[in-house]
Every structure is written in C-alpha cells, then in structure tokens.
Amino acid sequence: MWRAGTIALTVVLYAIAAPLEATLYGVPVLIALILTAARCAALVLALRSPLAATIVFALSSIVVRVVPPPTDAPWPWTVTATIEFVALVLLVWARHGWRAGLVAYVVPGIGISALAQLWITGPTIASYVVALSVGAVAAGVGALLRDRMRLGEALTEERRVSQSEQERRVVVEERQRIARELHDVVAHGLSLIQIQASSAPYRVPDAGPEAAAEFADIARAARGSLAEMRRLLGTLRGDGEAAERAPQPEVTDIPGLVAEARRAGADVALSMPDTASAPAAVGIAAYRIVQEAISNAVRHAPGASIHVVVDQLGGVLALDVTNDKPDTVPPATRPGHGLIGMRERAALLGGSLEASPTPDGGYRVSARLPIPEREAHHA
C-alpha cells in the first residue's frame with residue numbers, strides 16, 4: 001500500500017514540477033527534468049533508505065536553487081517542492097521513526113533555507129516558513145501514523161498468539177478427553193486379565209504350582225497397572241469433573257448415531273457394511289469423528305443432505321462424511337475447534353483426516369484410521 005501510493009504521488013509530482021520549474025522559475029529544462037526526477041525518486045527511496053533519500057532530496061534542492069529564479073517568482077521554494085518535502089518528512093517519520101524523520105526535516109528544511117539566503121533574492125521567508133510549518137505538521141501526522149501502525153501490528157501479533165494458544169489448549173483438552181475414553185478400553189482389558197489370571201488356578205487345577213505362581217504374578221501386575229491407570233485418569237480429569245460412567249461408543253453404534261440425527265430433522269444417509277468392526281480405540285475415534293462431522297454439517301449447511309460412508313479397506317477404516325450445498329447461505333458464525341479435535345483423534349491413531357469444500361459447493365470430511373494388523377485379520 002505504501003509503495004503503490006508513493007509511486008503514484010511521485011509520478012504526479014514529477015509531471016507537474018518539471019514544467020513548473022522550467023517555465024515559471026526559469027530553471028533550464030534539462031536541469032529541471034534531472035533534478036526534479038531526483039527529488040521525486042527520493043520519495044520512493046525513502047521507503048527503504050531514509051538517510052540516502054534525505055541526502056538525494058537535499059542535494060537536488062540545493063542545486064536547483066543555485067540557478068537564480070526570476071525576482072518576481074511568487075514562491076522561491078516552489079509549491080511542488082514544498083509538497084515533495086512534506087511527503088518526504090511524513091514517509092520517513094511514519095516508516096522509520098522519529099530519529100530518521102527529524103533528519104529528513106532538519107537537513108532539507110532548515111539547512112536549505114539557511115543556505116538559500118546566500119544566493120536567492122526576493123520574498124523567500126514566506127516560502128520557507130510555509131514549507132517548514134507544513135513539514136512540522138507532516139512530522140506530527142507521520143508520528144501518529146507510525147503509532148497506529150505499531151498498534152495494529154501489536155494487535156495482529158496478539159491475535160495470532162491468542163489463536164495459537166487457543167488451538168494448543170484445544171489440542172490438550174482433546175487429548176485429555178481421548179485419554180479418558182481410552183482409559184475405559186485399557187481398564188476393561190486389564191480387568192479381564194486380572195480376573196482370568198486370578199481364577200486360572202481354580203479353573204485349571206492341574207496347572208501345577210509354577211503355573212499358579214505365574215498366574216498370581218500376572219494378576220498382581222494387572223492390578224498394579226489398573227491402579228496406575230486410575231491414578232493417571234485422576235490426573236487428566238479436571239477439578240470437580242465427574243467420572244464418565246456411560247459406555248464408550250463403537251463403530252457398530254454409528255447407525256444409531258445417524259438415526260438420532262434423522263430424528264432431530266437432519267437428512268442423513270448411511271452406507272456401512274454389516275461386517276464393519278474395529279478395535280475399541282479405533283471405534284471410539286470413528287464414532288466421534290462421524291458425530292462431529294454430522295454436527296458441523298447441520299450447523300454450517302442447514303437443510304443440506306448429508307452422506308455418511310463407512311468402509312473397511314483391508315487394515316484401514318475409511319470414513320467419509322459429505323454434505324451437499326445448502327439452499328441458503330447460513331449467517332457467518334465463529335469457527336469452532338471441531339476439526340482440530342477430529343484431526344487430533346486421527347493423528348493419535350496414526351491415521352489422517354482431510355476436510356475441504358467439494359466442487360459443487362458442499363463440504364467433505366474424510367478420515368482414514370489404521371486398524372492393527374492382528375485386529376484386521378479378526379475383523
């Protein structure tokens with residue numbers, strides 16, 4: 001924005017200043033063209049190198065004033081030169097701070113005004129007073145613009161940090177929730193191991209004392225691991241948060257989820273083989289991903305048809321939730337963190353999740369969750 005505006009101003013000023021210097025102030029045409037070009041180029045140069053721009057502007061202004069203008073010239077320092085000086089001060093002060101801005105004000109302004117008195121005759125004081133006064137105003141405006149830009153940059157950075165922190169917190173919370181869900185899966189397996197190991201000597205009386213001792217060690221290890229899991233769950237659960245008693249969902253619960261969405265008024269179609277199955281951890285993740293994808297479709301595309309496809313491709317559970325383009329565009333809502341949670345669930349299982357608009361204006365969420373090789377063979 002700054003560069004485009006400066007270039008446009010430079011072109012306009014050059015088109016006006018060069019003929020004005022030559023015709024009204026008696027500067028030779030070639031000198032007027034060269035020195036006016038140098039002064040205007042200093043404005044563009046000020047965007048990157050304020051000191052070099054100040055020197056170029058000051059020298060070109062001094063040289064053009066060495067050529068004596070007519071004694072009846074209304075403004076010994078031309079109006080265009082004054083505008084160029086004001087633009088230089090504003091640009092340097094706004095872009096590079098008060099030190100560079102002060103140099104850009106003092107060197108061309110006060111310095112040239114003092115030196116010009118040595119060879120220019122006529123009513124010069126008024127010209128320089130106007131130029132210096134307007135330059136001082138430009139310096140103030142430049143300072144305000146710089147403060148505004150720095151405030152805007154600070155707010156942008158604060159929003160970026162806040163958004164990053166929010167996303168990090170959502171990921172942590174989602175991981176904790178997933179860990180609590182997986183706790184039930186692991187705890188159930190450990191409980192079975194402990195019960196079977198403890199009862200093995202009674203169910204297999206001919207196992208012998210060595211086998212009985214090994215079963216006792218297995219049961220003791222399972223009890224210890226189960227206690228450690230419960231301690232870990234207590235750490236993950238927030239203060240005052242009650243334990244979740246409801247059974248965790250599985251892949252086979254997805255049809256019930258779709259039926260529930262239909263009862264709520266959503267147009268949801270499901271394609272899922274009867275033989276689809278997955279281990280508990282994968283099943284929980286699959287259910288939650290489909291649940292969140294349907295919820296997002298209902299929220300962001302009200303009235304649109306939703307298509308849920310669940311398929312088992314070898315050792316991968318494939319999930320695809322697609323919604324058609326809604327008939328009416330819903331009002332803009334603040335983006336949530338559902339996609340973050342879905343991606344986190346897929347990533348923790350070594351899978352992947354993609355979400356993107358479809359060519360016809362709908363939206364598609366596609367997840368691929370790997371099934372452990374042994375479980376895939378049993379499925």
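Every residue gets a Cβ built from N, Cα and C, even glycine.
All TrEMBL annotations are machine predictions without curation.
TrEMBL tags one of the stretches 74-93, 274-293 as transmembrane segment, and that stretch is 74-93. With DSSP classes pooled into helix, strand and coil, the tally for the domain 'Histidine kinase/HSP90-like ATPase' (285-372) is 27 helix, 30 strand, 31 coil.
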